[in-house]
Structures are given as C-alpha cells and as structure tokens.
Amino acid sequence: MNNDTLQGFREAFANAKHIIVIAGAGLSAASGIPTFRDGGGMWRSLDATSLATPEAFHENPSLVWQFYHYRRQKALQAETNTAHKILAKLAIPHYLKKVAPAAKSMHLITQNVDRLSVRALDDLEKELEEQGLKGPSYRARTGSVVQMHGKLFEVQCTKCDWRAEDFSTPLCPALGHVEANIQDYTDAGSKNHDIPISLLPHCPECQELARPGVVWFGEKPYHLDQINSLVFKADMCLVIGTSSTVHPAAGYAFRVRRRHGHVAIFNLYPSEKDENASSLFRGACEDILPQVFPELADP
C-alpha cells in the first residue's frame, strides 16, 4: 500500500463532514457469499443474472424460488467479516470520531441483499450495550444502513402490499425437499425439479404467489430519494467491493467527485470507474480496510 495514498486519504477522511459508503458484492465475498459476476455465476450451470429478473420469475417461479432458497441458505450460513465489522464501527459515533472527528453523518448504501452489514451493526450495538456503553454515542443513527436492492429475507406478495421478513428455512416444505434431492449445487440448474405453484410461498393475506423481496434487474431500487439526498451532501465517498457497473449506484461516486468531494475506491480488480478515484486501494476489502483504519480493527 502506498504510504502517500494512505496519508492523503486519512487526512481527507479526518476532515470529511458527510461520509457515504457504496458497497457491493466484494464486501461479502470473504463471508462465502458468491457474487453474480464471478466464474460461472452462483449456480454454475445457469447464468445467475438471468434468474434475477421479473421475466424469469414469471416464466419459471419454481426455478427462481429454488435459486433464492439457495441464496438464503448461503446467507444464513455466512458470518460477518472484518470489513463488515469496520464499516459497522464507522456507523457508531464513538468510533467514527476516532478517524473522522469532523464528521456529522455516515451512511452505508449497500447493493447487497444478504443482510450481513445490518447483522454486523446489530451485533456491535448489542456488544456495546452488554458492556454498559449506552446513549447516542454508542448507537447508530436510524437509517445509517440503506439497503437499496432490498432484502433477501423479505418475502412480498405479487399482488397486494403484504411483505414481511422471514428467516425460517425452508420457506415451504417443497423447497426443502428439492434441496435434499440435490447433492451438489454446481449441477443444480441442470436438473429439473419443478415445484407446482401451489406449493411455493404464498401471501397469507390474499393467498397469491409470493416473491423474494429483492430488486431484480430492470426494477427500480429502493430509497432513491434518500440516497440522492445523501449523495448530494457527501464530501467523502468510499466505494467498496463493487465495479460500479449497475446503475444508478454506478454514478454516485462520479457525482461526489464532480462536486470536488473525495472518492476512495477499495476493490480487488481494476475498473474503468477508477478514474473517478481520489484515492485507490487495490486488494480484498477485508484485508485493506484494517490497514487503512487500524484503530477500528479488532485486536
């Protein structure tokens, strides 16, 4: 890591007033959450991106629900990693002041649906409370984690307004039966396990078919008004674990940079968006963030 780059970033971060973090799939990769864009996708024999669309669900809700059952299982088995934990500390005023004494706000805008950032923050707040550390300095502000692509553990009706978080697994017996019949998820997509619609998750209010509560390709992300307001105010933007190819999140760093804010990119691979960077850190975020913020790394 270049010492001049690190020093310049730390000085800018210390003086930042409104900080935003744009997080992508690379943040959760070390936790065992496969990304949409790594070799072969999440289901090796199927293009994962082709399953994350309204059209795919309309055409084959059974297959899409099996795919999301798999994703829910992976997220339930996953543990938060060092990068999640450091970002959680940045959301707590007590820790934020150690590295950004001028900061007035910090928000994590995540494209991930795995809930690991929320879990890391919940775990940290619980730990602080158990230590007797209470009050505003030891609590994140409401809305500090913005889940723009929805929630993997939320289920919503395809017809009415019903939606609810549900961490049970399987969501319905049929999904569990299919899982038991598949020995290896690398060939899951090549095996035909068609579940009748009547046996898939349904809305308890109107009995219509339910769907995962995530934003699919082609759908409008959540909380755009809030996010646009945060981006407009931000004078510091950290881009972590994303190649910034999915809009509208792909343009947020550029908007901050255009208004003379500082943009720091933390990513494993080069991207054409690197030209927007004021500071560039190459490597896995779970390795780089502890070096950049040693005060926040666990001993």
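Backbone N, Cα and C atoms are what each Cβ position is placed from, and that goes for glycine too.
Keep in mind that what you see is a predicted model, and the values were worked out from it rather than measured.
DSSP gives H149 (active site, proton acceptor) a coil state; it is part of no helix or strand. In the shown protein chains, 20 other C-beta atoms lie within 10 A of the C-beta of H149 (active site, proton acceptor). According to TrEMBL, the feature active site, proton acceptor maps to H149.
The Zn(2+) binding site feature in TrEMBL is assigned to C157, C160, C203, C206. The Cβ of C157 (Zn(2+) binding site) lies under 8 Å from the Cβ of R163, C203, E205, C206, E208, L209, A210, R211, each of these being in the same chain and 6 or more residues away along the sequence.
Summarised as a single figure, the pLDDT of the domain 'Deacetylase sirtuin-type' (1-299) averages 91. Residues or ranges marked as domain 'Deacetylase sirtuin-type' by TrEMBL: 1-299.
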### Task
Fill in the CA-CA distance, C160 (Zn(2+) binding site) to H149 (active site, proton acceptor), as an integer in Å.
20
